[in-house]
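Structure first, then comments.
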Amino acid sequence: MAYPNPAGIKRVAVLTSGGDAPGMNAAIRAVVRTGAQQGIEVVGVRRGFSGLHRGEVQLLGPRDVANTIQRGGTILLTARSHTWRSPEGRAKGAAVLREWGVDGLVVIGGDGSFHGGYFLQEEHGIPVIGVPGTIDNDLYGTDHTIGYFTAVETALEAVDKLRDTGASHERIFVIEVMGRHAGHIALDVAVAGGAEEVFIPEDKKPIGDVVNIVKDSIAKGKRGSIIIVAEGYDGGAEAVAQAIHAGTGLETRVSILGHIQRGGTPVSSDRILASRLGEAAVYALMDGKKGVMVGRIGGGIAYTPLHETWEKRKDVSRDLYRCAKMLSI
């Protein structure tokens with residue numbers, strides 16, 4: 001079905017930048033296939049902004065993205081670029097886009113990637129649309145980010161297995177999940193995994209509180225405890241485990257899940273979200289929009305200025321936090 005194209009878009013570039021997230025390939029696929037359906041050529045930039053200023057660009061067609069929707073990672077590869085932080089680096093990238101006749105750029109990534117796209121547009125006038133791709137779910141302007149659902153499922157699977165062995169040995173496990181600045185993953189995993197306690201960056205409660213929580217769990221007859229800690233909480237899982245051992249003398253184990261949360265086959269929710277947002281990004285350029293992130297709020301597509309995605313804070317659900325406390329008896 002033809003979509004109006006008042007902006008006269010003929011060629012679009014797409015790149016992935018920063019940390020990878022499950023579902024990025026589904027977003028790339030959606031951009032390419034939506035473009036093809038609307039008579040718009042799509043070029044892919046390899047290795048993000050790092051590859052852009054080096055001219056790592058190639059045409060992409062529907063067959064190039066076939067059999068990719070189920071794959072983790074990103075077929076375009078990703079990298080962090082120090083060169084892009086300089087005006088000279090961005091000028092070189094802009095020249096590459098002009099050389100390829102690009103009318104607009106779709107950036108799939110997090111706030112760092114959006115910074116790069118924002119300054120490219122401000123300095124060189126190339127329309128940029130952001131697509132939220134980060135497992136942390138910390139971008140303002142969308143209910144969820146691409147990769148978040150899969151990261152939660154990956155972490156939860158590990159928590160379930162650690163709970164089995166923890167209960168068998170009557171042992172405490174302190175499990176660290178990703179989330180440098182936000183506790184979305186930690187909070188969801190804590191509720192879904194039945195954790196006794198959760199520590200998130202948004203809540204600066206004293207680390208010593210965990211000692212009383214563990215003692216209370218033992219008094220209630222629990223054979224083991226699961227404590228979830230977001231990596232952004234002061235001191236991380238190691239500090240929490242040390243506090244428990246110092247205050248109780250109990251055997252405590254730390255498990256840092258790390259980068260495993262970024263990998264793996266994306267779950268259906270991430271594939272669907274990525275497909276919708278990739279399509280919406282192309283339509284946004286055709287509508288003449290620029291400097292915005294396409295997100296999903298309440299089931300509909302929302303457009304948020306790129307600078308607001310990092311200037312405004314996306315809070316964790318206080319209702320869910322209350323629920324975690326209520327159920328940890």
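Placement of Cβ uses the backbone N, Cα and C atoms for every residue, glycine included.
Listed in sequence order, Gly110, Thr145, Tyr148, Met178, Gly179, Arg180, His181, Ala182, His184, Ile185 are the same-chain residues at least 6 apart in sequence whose CB falls under 8 Å from the CB of Asp136 (active site, proton acceptor). Here Swiss-Prot flags Asp136 as active site, proton acceptor, drawing on sequence analysis.
Ser113 (ATP binding site) falls within a helix when secondary structure is assigned with DSSP. Within 10 Å of the C-beta atom of Ser113 (ATP binding site) sit 28 other C-beta atoms, taking all shown protein chains into account. Look at Swiss-Prot and you will find Gly19, Arg80, Ser81, Gly110, Asp111, Gly112, Ser113 tagged as ATP binding site.
Per Swiss-Prot, ADP binding site is recorded for Arg29, Ala30, Val31, Val32, Arg33, Arg163, Gly194, Ala195, Glu196, Lys220, Lys222, Arg223, Gly224, and the stated evidence type is sequence analysis. Secondary structure from DSSP puts Gly224 (ADP binding site) in coil.
Feature annotation from Swiss-Prot assigns Mg(2+) binding site to Asp111. Cβ environment of Asp111 (ATP binding site): Thr134, Asp138, Leu139, Thr309, Trp310 lie under 8 Å away, each six or more residues apart in the same chain.
According to Swiss-Prot, the feature substrate binding site maps to Thr134, Ile135, Asp136, Arg171, Met178, Gly179, Arg180, Glu231, Arg253, His259, Ile260, Gln261, Arg262. There are 19 other Cβ atoms within 10 Å of the Cβ belonging to Arg262 (substrate binding site). Look at Arg262 (substrate binding site): DSSP puts it in a helix.
The separation of Arg29 (ADP binding site) from Arg80 (ATP binding site), Cα to Cα, is 22 Å.
On its own chain, Glu196 (ADP binding site) has Ile213, Val214, Ser217, Lys222, Ser225, Ile226, Ile227, Ser328 as residues at least 6 apart in sequence with a Cβ closer than 8 Å to its own Cβ. For Arg262 (substrate binding site), the nearest neighbour among the listed binding-site residues (Val31, Arg33, Gly112, Gly194), judged by C-alpha distance, is Gly112. The substrate-binding residues named in the record, Thr134, Ile135, Asp136, Arg171, Met178, Gly179, Arg180, Glu231, Arg253, His259, Ile260, Gln261, Arg262, extend over a maximum Cα to Cα distance of 33 Å.
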